[in-house]
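Here the structure comes first, spelled out in structure tokens, and everything after it is commentary.
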Amino acid sequence: MRTLWIVALLLVGVEGSLLELGKMILQETGKNAITSYGSYGCNCGWGHRGQPKDATDRCCFVHKCCYKKLTDCNHKTDRYSYSWKNKAIICEEKNPCLKEMCECDKAVAICLRENLDTYNKKYKAYFKFKCKKPETC
């Protein structure tokens, strides 16, 4: 089952420490990262590009910008450690870059939770060709 989860995340193109990011999103929102955010709006999941469609999509846009600031680690392949204590994500990494990557993922998971009321099903499987030119970070 764990292998299927990792393969599914790879197929939708979610970046970062895939397993950790997916778990954070589930813990914070109660939603499955793949089915709920894998192709949401213009910026969530694979093919992310374009003006955010709503606050939920903006969370993903800001997340991509956060990743662009990482310098000494690879957000597509490197993994980090975190824990879930008292309903809070705790980034436990000693490596500064991996800690920052964890903080990027933590921030998007919290942002998605804080914007659950903006989640719009019409953007769930949004066609990326409809997206307008992206703004810069």
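Yeah, the Cβs are placed from backbone N, Cα and C, and that goes for glycine too.
Annotation comment: Swiss-Prot describes 1-16 as signal peptide, evidence class experimental evidence.
As annotated by Swiss-Prot, disulfide bond applies to C42-C131 (among others), with the evidence given as experimental evidence. Secondary structure at C42 (disulfide bond), as computed by DSSP, is coil.
Swiss-Prot lists C44-C60 (among others) with the feature disulfide bond, giving experimental evidence as the kind of evidence.
The disulfide bond annotation in Swiss-Prot covers C59-C111 (among others). Classification of C111 (disulfide bond) by DSSP places it within a helix. For C111 (disulfide bond), the number of other Cβ atoms no farther than 10 Å from its own Cβ, over all displayed protein chains, is 18.
Within the same chain, residues at least 6 positions away in sequence whose Cβ sits under 8 Å from that of C137 (disulfide bond) are K64, C65, K68. What Swiss-Prot lists as disulfide bond is C65-C137 (among others), and the listing cites experimental evidence.
Following the DSSP three-state reduction, the secondary structure of C66 (disulfide bond) is helix. The disulfide bond annotation in Swiss-Prot covers C66-C104 (among others), and the record cites experimental evidence as its basis.
As annotated by Swiss-Prot, disulfide bond applies to C73-C97 (among others), with the evidence given as experimental evidence. Under the DSSP three-state reduction, C97 (disulfide bond) is assigned to helix.
Annotation source Swiss-Prot lists disulfide bond at C91-C102 (among others). Summarising the environment of C91 (disulfide bond), the number of other Cβ atoms within 10 Å of its Cβ, over all protein chains shown, is 19.
Feature annotation from Swiss-Prot assigns region 'Important for membrane-damaging activities in eukaryotes and bacteria' to 121-133; the stated evidence is similarity to another entry.
Outside the region 'Important for membrane-damaging activities in eukaryotes and bacteria' (121-133) by six or more residues, the chain places 36, 39-42, 47-51, 53-54, 56-57 with a CB less than 8 A from a CB of the stretch. C59 (disulfide bond) has C104 as its nearest neighbour among the disulfide-bonded residues C73, C91, C104, C131, going by CA to CA distance. With C91 (disulfide bond) as the anchor, the candidate disulfide-bonded residues are C42, C73, C97, and the one with the nearest CA is C97. Counting every protein chain shown, the number of other Cβ atoms lying within 10 Å of the Cβ of C66 (disulfide bond) is 19.
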